[in-house]
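Student: Take a look at what TrEMBL says about it:
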ACT_SITE  Cys438  active site, proton donor
DOMAIN    29-293  domain 'Orn/DAP/Arg decarboxylase 2 N-terminal'
MOD_RES   Lys48  N6-(pyridoxal phosphate)lysine
Amino acid sequence: GGLGLRLPLIVRLPDVLKNRVESLHSAFESAIQDQCYESHYQGVYPVKCNQDRLVAEDIVKFGAPFRFGLEAGSKPELLLAMSCLCKGNPEALLVCNGFKDAEYVSLALIAKKLALNTVIVLEQEEEVNLVIDLSNKLSVRPVIGVRAKLRTKHSGHFGSTSGEKGKFGLTTTQILRVVKKLQDSGMLDCLQLLHFHIGSQIPSTALLQDGVVEATQIYSELVRLGACMKVIDIGGGLGIDYDGSKSGNSDLSVSYGLEEYASAVVNAIRIICDRKSIKHPIICSESGRAIVSHHSILIFEAISATVNTPAMNQIDLPLIIEGLSEDARCDYWNLSDAAMRHENETCLLYADQLKQRCVEQFIEGSLRIEQLADVDGLFDLVSKVIGAAEPARIYNVNLSIFTSIPDFWSIGQVFPIVPIHRLDEKPEVRGVLSDLTCDSDGKIDKFIGGETSLLLHELEGNDGGANGRYYLGMFLGGAYQEALGGVHNLFGGPNVVSVLQSDGPQSFAVTRVVPGPSCADVLRMMQHEPELMFETLKHRAEEFHVEDHDNDGTNYATLISSLARSFHNMPYLK
């Protein structure tokens, strides 16, 4: 509040980011020592997971002691990575993935000229021609990698990019043709890295080992063919436990921790290399989700909620009876008799029949809206009294799901969401979350544990909660959500703050504040010109002779000031 920021708000915790980088490195180092592996581990962070400047810069800074690098999959990501790694460890890898044209390859070769430890990974067979031609023109000796299209595949949602029909990578036939082209060009010594990717959220170490074994066999064959192989890049796939189940049977969890993951990788590579009498390669991984997911918390508020059941004194029973058809009156009196006899199931049956007959009457025009509303209230009251399950309430939240939680809308990804205050009170209301957008998909009705509603507190205030403030947090959303979020209904991203531990009285310090985009900012994204729009509206006010004092007391200056503020403010509700 002291910073003048509105919700929604993303809180970044760089200390958590640092811990994740250190923990990943430590897990691999322990496995390497335990298994007498004769090389080392150095990871890269795939910037596509979260391209925020401070996130990338922090990872390079925190990872510098471990030679931690970056992975890029496009030209702007490559420019980002090049700039950040200028301040990183000179041995840190800059892995260039993704589809490539001449400009992309030239940029990667320039990075090599700038003494960045750059590897151009061939995703498509024809890219080798570009690399050979441009490296000769620029007089740069490149380091080249190939991405292998493995047979190993996992069956979950995130496994669709792996296997023989995967989007990326070269088949064994294509790899052999690439080797031949490099050999004919006198550049086979440039081939030094093998890359593969089984898929995100690898569910078990058994599947992981299958993929690593297959890839290491390919690596050993490349060594046999004369390539100067040095690095095996196992790609991404290190999963996180979204639902706490530690299960390998769900896209929401994995059955291993960092230590088991690292141990499985090191063991699989070591066994194959020892069997083939091959020098142990440097192990690289491209873990993104596992590094950045935990460090970011989305905080938002519920601003109102539906109230399902009216009180008995709010229902006008004589008004209901007044306009009922004979059949409906019969249902009403049967309901009353069943209630006197405490026959709950019969009560519900007659209440439902009464409601349906009244809906039919209303559609025919023989029942007023006040009567229909009272019948709806009576049905809800009967349901509550006899103990029927109350439908989940709708909590309206000051948020755009399409902007801040796009993976829920697009692929059904579930994140942990919980109230973050009133934690000394038991939540007893079942609710779903409905966002601000004018879109029926703008709701969250799936939660951890397979639940279709969330346990929440009753909102404070007599008007459904509009006078109270009810804060919720979404966790483990630090990967992909900001990068994928759009501006549906022109709701831009939230405010962002970075928070570090400190020795001060609050035990933390806000170290960075980035205001979210204003209405003017999101309008510019769609090619509108807010300054011209403001002038148009200003002239409109002059054209229609808005005097200093309108009948309602609003003067011209106040009107113009209000318009200006609307462009400056964020799109979310105050």
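Backbone N, Cα and C atoms are what each Cβ position is placed from, and that goes for glycine too.
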Student: Can you give the mean pLDDT for the domain 'Orn/DAP/Arg decarboxylase 2 N-terminal' (29-293), rounded to a whole number?
Tutor: 94
Student: What does the structure give for the C-alpha distance between the residue listed as 'active site, proton donor' and the residue listed as 'N6-(pyridoxal phosphate)lysine'? Integer Å is fine.
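Tutor: Just about 29 Å between their Cα atoms.
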Student: Could you work out which of the recorded positions (Lys48, Cys438) has its C-beta surrounded by the smallest number of other C-beta atoms within 10 A?
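Tutor: Cys438, out of the recorded positions Lys48, Cys438, has the fewest neighbouring Cβ atoms within 10 Å.
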